[in-house]
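Peer 1: Quick one: structure below, then a few questions.
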């Protein structure tokens, strides 16, 4: 088992039956990040429900909220934070807020960040990520986010990529903001959906190593090679879609059910603990206040149990988030999940 697991053991052994909301990791620049966060990539028809979900999460002990320019949930996240700050429930310095730069603004990171800060009603974010290593063409749309088509496609339905785009330009602009001693809008920078190949180029050509690589990972997609690479380079993984996207299919995995019963926790708790136990940040998404507040029990999985879960995923891999625009990236197909590998 990797030493990332061992380092996590040192944390939890010093705590008596810890809640997952009480566990923190350190980024490679020294900033502390809560191991558990609330994801807010919510369905468009339920965007407004994000506000109550965020309030419920913070009241339950969550201190990490993950959002993005592209989610259109930033205003609702901001409203929730504003109300909780005003009533004294929380202090800004106790929160960790992550947002992201979408590929349509690949060469306008400053604009993206400012729009996110305005929507959130904040002076800074704790972590700014490059959402995808992609560059989209800018197509105007008065009804779109910031007057742009979020993911432009041509008449045949193919994604329109910027002809002159280089995904590293986005990261270099993040880097410039982060390195400016007079710019205090971000405390850390990182990436999302980067493969080993893309990370290798970034590390070679850029000055600041990403603190985080946010990717889809769970027992159906353990990402072991990527996990090892990131650990070797002091980059933390953040797991999105830990339950397996819509319908939470990973809760149906027999081994998950078995281990949840053994540790007397919910399936949600088990899947969250699976990540934290391996030194991975995890950001489950939910709009259900009861589920949010009840999914904070830590299951101290053994190394053998972690290995068993990872072996299952190596044998039956399923990537649930595989959008058409990602088809040009390594390890993506753009064709959606391979449901034949779902094993219940």
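Glycine residues also receive a Cβ, built from the backbone N, Cα and C atoms like all the rest.
Swiss-Prot lists 71 with the feature active site, proton donor, giving similarity to another entry as the kind of evidence. Look at Swiss-Prot and you will find 131 tagged as substrate binding site, backed by similarity to another entry. The feature NADP(+) binding site is assigned by Swiss-Prot to 241-295, with similarity to another entry given as support. What Swiss-Prot lists as phosphothreonine is 151. The site 'Lowers pKa of active site Tyr' annotation in Swiss-Prot covers 100.
Burial and contacts for the listed features, if you can.
Peer 2: When Cβ atoms from all protein chains are considered, those within 10 Å of residue 71 (active site, proton donor) total 23, not counting its own.
In this view, residue 131 (substrate binding site) is surrounded by 23 other Cβ atoms within 10 Å of its Cβ, with every protein chain counted.
Here the Cβ of residue 276 (NADP(+) binding site) has 24 other Cβ atoms within 10 Å, regardless of which shown protein chain they belong to.
In the three-state DSSP assignment, the secondary structure recorded for residue 151 (phosphothreonine) is coil.
Secondary structure from DSSP puts residue 100 (site 'Lowers pKa of active site Tyr') in a beta strand. For residue 100 (site 'Lowers pKa of active site Tyr'), other Cβ atoms within 10 Å of its Cβ number 23.
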Peer 1: Fewest other C-beta atoms within 10 angstroms of its own C-beta: which of the recorded positions 151, 241 fits that?
Peer 2: 151
Peer 1: What whole-number Å value do you get for the CA-CA distance of residue 131 (substrate binding site) and residue 241 (NADP(+) binding site)?
Peer 2: 15
Peer 1: If you compare CA-to-CA distances from residue 276 (NADP(+) binding site) to each of the recorded positions 71, 100, 151, which comes out shortest?
Peer 2: 100
Peer 1: Select the most exposed residue of 248, 255, 283, 290, where exposure means the fewest other Cβ atoms within 10 Å, treating these as the binding-site residues.
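Peer 2: Ranked by other Cβ atoms within 10 Å, the binding-site residues 248, 255, 283, 290 bottom out at 290.
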Peer 1: What are the sequence-distant neighbours of residue 269 (NADP(+) binding site), meaning same chain, six or more residues apart, C-beta distance under 8 angstroms?
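Peer 2: Those within reach of residue 269 (NADP(+) binding site), by Cβ under 8 Å and sequence separation of 6 or more, are 20, 260, 263, 295, 296, 297, 298, 299.
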Peer 1: According to DSSP, which of helix, strand or coil covers residue 290 (NADP(+) binding site)?
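Peer 2: Assignment for residue 290 (NADP(+) binding site) reads helix.
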Peer 1: In three-state terms from DSSP, label residue 248 (NADP(+) binding site) for me.
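Peer 2: Where residue 248 (NADP(+) binding site) sits, the three-state DSSP reduction gives coil.
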